[in-house]
2 protein chains.
Amino acid sequence: MASDNYEVTPMIERLNEAMESGAFAQVRRMINRGLPAQDVAHLLESSPPKERDLLWSMIEAEFRGDVLQYLTDDIQAIYLNRMNPEEFLAATEGLDTDDIADLLQQLPDTIIKEVLVSMDTQDRHRVEAVLSYPEDTAGGLMNTDTITIRPDITLDVVIRYLRRHQSIPDSTDSLIVVSRKDHFIGMLPLTRLLVSDPNITVREVMNTDAIVISADMPDSEVANLFEKYDLISAPVIDENGALLGRVTIDDVVDVIREDAEHSLMSMAGLDEDEDTFSPVLLTAKRRAVWLGINLLTALLASAVIGIFDATIEKVVALAVLMPIVASMGGIAGSQTLTVVIRGMALGHINSGNTGWLINREFIVGLINGAIWAAVVAGVAMFWFDDMMLGFIIGTAIIINLIVAVVAGASLPLFLKWMKIDPALAGGVLLTTVTDVIGFMAFLGLATVFYL
Amino acid sequence: MASDNYEVTPMIERLNEAMESGAFAQVRRMINRGLPAQDVAHLLESSPPKERDLLWSMIEAEFRGDVLQYLTDDIQAIYLNRMNPEEFLAATEGLDTDDIADLLQQLPDTIIKEVLVSMDTQDRHRVEAVLSYPEDTAGGLMNTDTITIRPDITLDVVIRYLRRHQSIPDSTDSLIVVSRKDHFIGMLPLTRLLVSDPNITVREVMNTDAIVISADMPDSEVANLFEKYDLISAPVIDENGALLGRVTIDDVVDVIREDAEHSLMSMAGLDEDEDTFSPVLLTAKRRAVWLGINLLTALLASAVIGIFDATIEKVVALAVLMPIVASMGGIAGSQTLTVVIRGMALGHINSGNTGWLINREFIVGLINGAIWAAVVAGVAMFWFDDMMLGFIIGTAIIINLIVAVVAGASLPLFLKWMKIDPALAGGVLLTTVTDVIGFMAFLGLATVFYL
């Protein structure tokens, strides 16, 4: 847990200065003695590749696991793949089970086996329990460092039992009450333990309606539960009700951050684990794919324009104005898309209210379409001194804005139903729709009225 | 804290069914007896306006405050503004100080004064303490329900003192150790209290290097500290070191979620407090502004195209292909923009590494520009059987992609320096750049080579 004091930024600044002036002995001392692991991880994440490798080489072997657990997946993978099993074991000694399992999952299967074989039996069983669940479930997120008690003892006995511990695991706000067969019965919050009469039994004060999480619950649902009910820790059980471990708020906070970032990054075709300072070739490769996908959209739009080349040749003002129609549709649609994707992530949207939502978007599209169609029509009329042109672009804008907002509202729902990530595919598909409809409506109407 | 059990979704479904079948007596009973306040809030957030008003009218007066605190700002404002001071006081009785202050801040100043006057002295002082700090600082986020102890008593005395309490406030993981003058000295984690010898003094076991937060620290910095150091609560002090209250993880989780959503929503010109089901007119009004701003960008692009109308009249293929150049630039730029805005939010980007970042983007732009320029040039040559056209569009794409990624990396830094929100203004400015440069490069080159 915590460390030092909260004035870490100046410390990082001092470290940056030391790096720049080449005072490596000083840097090494600061990293390994001065800074908490979280700050060393943040420093690595804020460094370009070469500087990052230099810093990593200065971190002492037994401190590397502490630092690794705070790094983003992209960067973890880089350094984990440079370690052999012995180095991995040395680095991860003393980490929480869930953190070791997280790191292990980044390694090839053969290495995972080698590492597991070298662990002591208790640790191996614990890590294997976590590894047996997918990383993005409660089971993959859980920790096995639970303190369990039995319901029929008195609080005084509980307090004496706790005093035999050197320490209690981080983020322990409750003790877990289990049956003889290790089945979950209830929770005893430490605060209740402290205010209650020591002579009564656990059963009398325990909380039996606590939130319990099954091991296969998706981590985003776990996060929603923690957020909604202000939880600090929650027990994880298997399908038979046997206690497996607990999920703690510190791991859930990471899930919340990643889930929220997922939409932002996906809409630009990026991964939420993306390293800000990933090297040139990796960056270029990842982005090239997204550019290629979007090129198909652009080519389709060009093909639509191509249909009307005779019209454009006759009225060149159409070429001048046509990007406005496509762009207004794109903006209006992406606003709706963003609202709906966020609403879906928050669990606001269900079969009972989608009808209302699409209907509202239709009316909003009509209102804003009418307002801006009038403005653009006026601009076009004055600019090119052509009433007809104003009428055509105005009508095209109204059509495209309505299509855009209805598509923005329905595309993510359709994609979710198709089990495609709406944040990733929604924007590209929407642009395709607004470009094609925009150019088609504008140039099509022009063809009807001018040719 | 928590309540009921974790099977809330089926309950909400049953409630929806009851709503649809008009079994309002049943709905009223479920809302006021069955569901926890968080779920009632979620239900309101997931309902269109009319249904929402109906549900709200069924919530009992004394339960409304509980529900209000979990609602998003937009919806809070609607129902708060329908309450008079007496109703507000009845609804918020028993809420945490920080939650009451949050709700109060949504009301007009005259009502705030009326409410404060009607509160009992202790509550008023507490709420006023929180209200005296901006909502987005540690002071505005803090709670005043701290349990404080003195350093020179024994742990046994602490335990006996706690037993005199009926309960301990939610999210209490530590007691705060203060001097006679109420100055912060250290923290005593409950877990340490429980494992230590009861005969030693608080001073001997307290944590003196705990993270301490000053009341004027921005809430996003508070969130970063909690996230980095896995905190559950942290003391808040004034400039003289006097203890004011504490910040707890449940409030910080909301800040983390809102901060992460801020970028996503701002990039579409939306507010992170936006209600998914806001009514038609409000929605239309808010979105109209953003469409208007983006129309200026589109008009500027049209003006650029207008300069080259003679060229387009001669070679109509230019009108067909020109959206490709602008679109590729827009996509490449927005990827960089998203990475940099996220990196800035995570605190990865500083004066020491921006040079490297812009340089990397330049090279990535060059590589991807070259790759896709070749592809598009090939397509253009075959499509229009014109070598020159291929060469022109290829060159324009390389130019626009490089400008786009360098602008995507430097615009947010420039905007931050200008104290303008990069997530809000970055996208519009970037599109302006990529449209103007894209059309200018493509049509300009064409004018040079064709006319």
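Yeah, the Cβs are placed from backbone N, Cα and C, and that goes for glycine too.
Listed in TrEMBL:
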- A:142-205: domain 'CBS' (DOMAIN)
- A:206-264: domain 'CBS' (DOMAIN)
- A:288-308: transmembrane segment (TRANSMEM)
- A:320-341: transmembrane segment (TRANSMEM)
- A:362-384: transmembrane segment (TRANSMEM)
- A:390-415: transmembrane segment (TRANSMEM)
- A:427-450: transmembrane segment (TRANSMEM)
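Beyond its flanks by at least six residues, the transmembrane segment (A:427-450) meets 267, 269, 293-294, 297-298, 300-301, 304-305, 307-308, 310-312, 314-315, 318, 321-322, 325-326, 328-330, 333-334, 337, 388-389, 392-393, 395-396, 399-400, 403-404, 407-408, 411, 415 of its own chain at Cβ-Cβ distances under 8 Å.
Tertiary neighbourhood of the transmembrane segment (A:362-384): same-chain residues 317, 321, 324, 328, 332, 390-391, 393-395, 397-406, selected by CB-CB distance under 8 Å and a gap of 6+ residues from either end. For the domain 'CBS' (A:142-205), the number of residues in each DSSP class (helix H, G, I; strand E, B; coil) is 19 helix, 17 strand, 28 coil. Residues of the same chain lying 6 or more positions beyond the ends of the transmembrane segment (A:390-415) and with a Cβ under 8 Å from any Cβ of it are 321, 324-326, 328-330, 332-337, 340-341, 344, 349, 354, 357-358, 361-362, 364-366, 368-370, 372-374, 376-378, 380-381, 421-422, 425-426, 429-430, 433-434, 437-438, 441-442, 445-446, 449. Residue counts for the domain 'CBS' (A:206-264) by DSSP state, with H, G and I taken as helix and E and B as strand, are 27 helix, 16 strand, 16 coil.
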